[in-house]
Each structure stands twice: as C-alpha cells, then as structure tokens.
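*Asks:* One structure is given below, represented as structure tokens, and several questions about it will come after.
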Amino acid sequence: MSGLLKKKQRFSCNDILKIVSKYGTPLWVYDSNIIVKKIKELSQFDVIRFAQKSCSNIHILNLFYKYNVKIDAVSLGEIERALISKYRFTMDQDVVFTSDIIERETLNKVVQYKIPINIGSIDMLEQVGKISPGHNIWLRINPKFGHGHSKKTNTGGENSKHGIWDINLAFPYITKYNFKLIGLHMHIGSGVDYCHLKRVCKAMIDQVLQCKFKIHVISAGGGLTVPYHCNDEPVNVKNYFFLWNKARKIISNYLNRPIRLEIEPGRFLVAESGILVSEIRVIKKTNNRTFILVDSGFNDLIRPAMYGSYHHISVIPRDGRCVNYDDTIEAVVCGPLCESGDVFTQNEYGDIKTRILPNVQIGDFLVFHDTGAYGASMSSNYNSRPLIPEILFKDNEFHIIRRRQTMKELLELEINCI
C-alpha cells in the first residue's frame, strides 16, 4: 500500500488503519512535528501568538506553550482553555483577549486575571474602563480595506464588523480611564496576498503616526496562506517578515523606541498538521453523477460547506490493497447529514464539483488533508451527532487528546431540566 498522498505527515497508511481499528471513524489526527516546524519558520518575529480559535484542544495548546508561543483568545472559553494549558496570565502577556464585544462574565474574568484586551470597538473602551480603569489594552484597527480567501474571511473594510474605524475616537477614552496602550493590531482577513500585505504595513505606519500615545508593540495579525492544493506555492515567510520588519523600523524610528513585532497565525501553524479520516459507507449513481458518502459531515468539517474550501482527498483501502491510480472515478464526496449542502466537493457558490479518485470500495477510508485548522474547533452536534476523537502524533507515538463524545453526554444538558 502506498503512503499518504500529498506530503507532510510522518505517519503511514498502516498507522491510520491501526488507529481506526482502535478508535473507529470519523476521527482527527494531528502531527506535532509539522506544528513545531511551522513554529520555527516564524522564529524571526519577536512574538508568535497562536490564534487559538483555529485549533483549541488543550493538548495542542500545551505543545505551543512548550515552544514559547503565546495565545490569542477570543472568548471566555478560550481563556479557560489557556489557563488549563499551563499559560499564566500574569506572565509577560502570555494571553491577550481579542474581541469587538465583551460579555459581562468575560469582562469579570479578564479583570480578575489582568489579561490585556485587544479592543475592537469604542463601546468596549467605555465598558472596560468603568470596571477596570488603568487596564492594559491594545487597539484593533480596521484599516478600511480587507482581503480573504472568501468573503466570509474578510475582516477589514466597511462591510466588516471587526476593528475600530477611526482611531481618533479612542483617544478620549484612553485618557479618561487612564488605559495603558500597549500596541496596535491589524488583521484584514485569512489568506492575504503580498499586494494587500504591503497596504496593511503602510496602514499600520499611518495609524501610528496618528496615535497620540507611544506604543510598544505592533501586531501583524494572521492570514498567512496555506497550500491546500497540491500545486499551491507555500507563503514566503521571509518576505512576509521583511515587509513587516521594514514597517516596524519606520515606526521605531518615529517613536524613538524599540518596537516589538508580533504575528498572530492560526491556520499557518496547524492546518497542514491535521487530517480527517472517514469511512466510505455508500457509493451511489444517478444518470450523470457518482456520489461517495462517508461517515463525516459538515458537523465535523464545515469549511467546504461554509466557504467552498478545497481539501485534498486521498484513499486508504481497508484491506491493504495497492491503490491503482490508473483506475479512477469522478465523484461527488458527501457526508451523512440530512442536508443537501453536506458536500465536501463544492465551490464558494455552493456549486457541486467532482473529484477524480482511485476506484474505491465500501469500507475504504477517505483522508481529508490540511484539516488541522478550523476543523475540530468549528465542529458541532448538528443532527445530534457526537463530537469525534482527536489523536496527536507526538514523540513517535499516537495519543488520544479528545475521546469520542457519548450520546449520554450529548443529552446531558437537557435531561432533568423540567
């Protein structure tokens, strides 16, 4: 049997067969070696801050802690995950809370632990200031333009809810509540190209020139591209750093002080580390289509249904036979949900697309590649389906880092309520 198609993971098809025989399908598998490799690729930046929303398992966070990667949290739940994953909020801004809205319970938590807040709205400044004057804050700025691999991942411009539109409106509140302004942050979307990157760097310089307070840090945000297609070019990290470092030097010279440069990636660090393994349960034909139905759906991996995202798919035969790449079929790959949109091979407009795959049999496994980011963290219980296991390949061993949710656990919040 051939190894995994597409690249990267250090484990083999035989390893996957052993895992599914023990834990069943569907399931997630991550390779820690790839995560560590991606961390090292960003070593030129002063601070790497992981966008936890992309993959929030506490054992993944423990791995980041080991390599001195800090955390960006966007909810109370993510703050709690960071706390249980060894991060200490009093230690050199280990955790920053980023949001455009802050609920009362979350506000109480960030005040309790003195967590710096990356503030994305003027109303938040007032709400935080009344409870915690003198708090350490960042300002998230909307540079009035954005870009992403999908309209839904564009986080800048007048159609985006994210960030402060006019930085000048923030200054009276900073003075009124004696906030300590640490830095400025910009993130215009997921999947940023170099043309837009240059605009962001210039926009950051312009915002600092407007700022009435001397900051210490600038954040490049995230958005580094990931090569989901086999022929995609990986992002040039050196060029990415060069552009931001150039902006940092201009800002440092203007403020006459050292400026720390942070980057806040999510997908870049974890996407390529993960796979989703599913079993083929049905192969059906219509006049013009062949449909392959697997036991995972958009309740597990929602990116194709939500964004039209592409994930490379490879085949692992259940019986260990060799894959014959000369004997192929053109098929639509779907999940089990009672939902027409539960299709893994569709574009951003919802148009059904086919994928050329080796001829498969019932019981074979499909592997969806590059699902380490926004896979498990965006999964749900839709159709009352339990959350699936997560497995981490670390130190040449496979470790279960989330067991399969039981039906009892799924129903527990509702039983005995009345």
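Placement of Cβ uses the backbone N, Cα and C atoms for every residue, glycine included.
In case it helps, Swiss-Prot gives these features for our protein:
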{"type": "ACT_SITE", "residues": "C338", "note": "active site, proton donor"}
{"type": "BINDING", "residues": "G223, E264, P265, G266, R267, Y374", "note": "pyridoxal 5'-phosphate binding site"}
{"type": "BINDING", "residues": "R267, R303, Y307, E339, Y374", "note": "substrate binding site"}
{"type": "MOD_RES", "residues": "K53", "note": "N6-(pyridoxal phosphate)lysine"}
*Asks:* Taking Cα atoms as reference points, which of the recorded positions K53, E264, P265, G266, Y374 is nearest to Y307 (substrate binding site)?
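*Replies:* The smallest Cα gap between Y307 (substrate binding site) and any of the recorded positions is with Y374.
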*Asks:* Need one number for the pyridoxal 5'-phosphate-binding residues G223, E264, P265, G266, R267, Y374: the maximum pairwise CA distance in Å, whole number please.
*Replies:* 15
*Asks:* Between G266 (pyridoxal 5'-phosphate binding site) and the residue listed as 'N6-(pyridoxal phosphate)lysine', how many Å separate their Cα atoms?
*Replies:* 7
*Asks:* Which one, from the binding-site residues Y307, Y374, has the smallest tally of other C-beta atoms lying within 10 Å of its C-beta?
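*Replies:* Among the binding-site residues Y307, Y374, the sparsest Cβ neighbourhood within 10 Å belongs to Y307.
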*Asks:* Please name which of the recorded positions listed here, K53, R303, C338, E339, is nearest in space to P265 (pyridoxal 5'-phosphate binding site), Cα against Cα.
*Replies:* K53
*Asks:* Under 8 Å Cβ to Cβ from R303 (substrate binding site), same chain, six or more residues apart: give me those in sequence order, or none if nothing qualifies.
*Replies:* S309, H311, T371, Y374, G375, M378
*Asks:* Provide, as an integer number of angstrom, the distance between the C-alpha atoms of G223 (pyridoxal 5'-phosphate binding site) and K53 (N6-(pyridoxal phosphate)lysine).
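*Replies:* Computed Cα spacing between G223 (pyridoxal 5'-phosphate binding site) and K53 (N6-(pyridoxal phosphate)lysine) is 13 Å.
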*Asks:* About how far apart, in whole Å, are the alpha carbons (Cα) of E264 (pyridoxal 5'-phosphate binding site) and C338 (active site, proton donor)?
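*Replies:* Here the two Cα atoms are 37 Å apart.
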*Asks:* Which of the three DSSP-derived classes (helix, strand, coil) applies to E264 (pyridoxal 5'-phosphate binding site)?
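*Replies:* DSSP assigns E264 (pyridoxal 5'-phosphate binding site) to coil.
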*Asks:* Counting Cβ atoms within 10 Å of each candidate's own Cβ, which of the binding-site residues P265, G266 comes out highest?
*Replies:* P265
*Asks:* What is the nearest of the recorded positions K53, C338, E339 to R267 (pyridoxal 5'-phosphate binding site), using the Cα of each?
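*Replies:* Of all the candidates listed, K53 is nearest in space.
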*Asks:* Can you tell which of the recorded positions (K53, R267) has the fewest other C-beta atoms within 10 angstroms of its C-beta?
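*Replies:* Candidates: the recorded positions K53, R267. Fewest Cβ atoms within 10 Å: K53.
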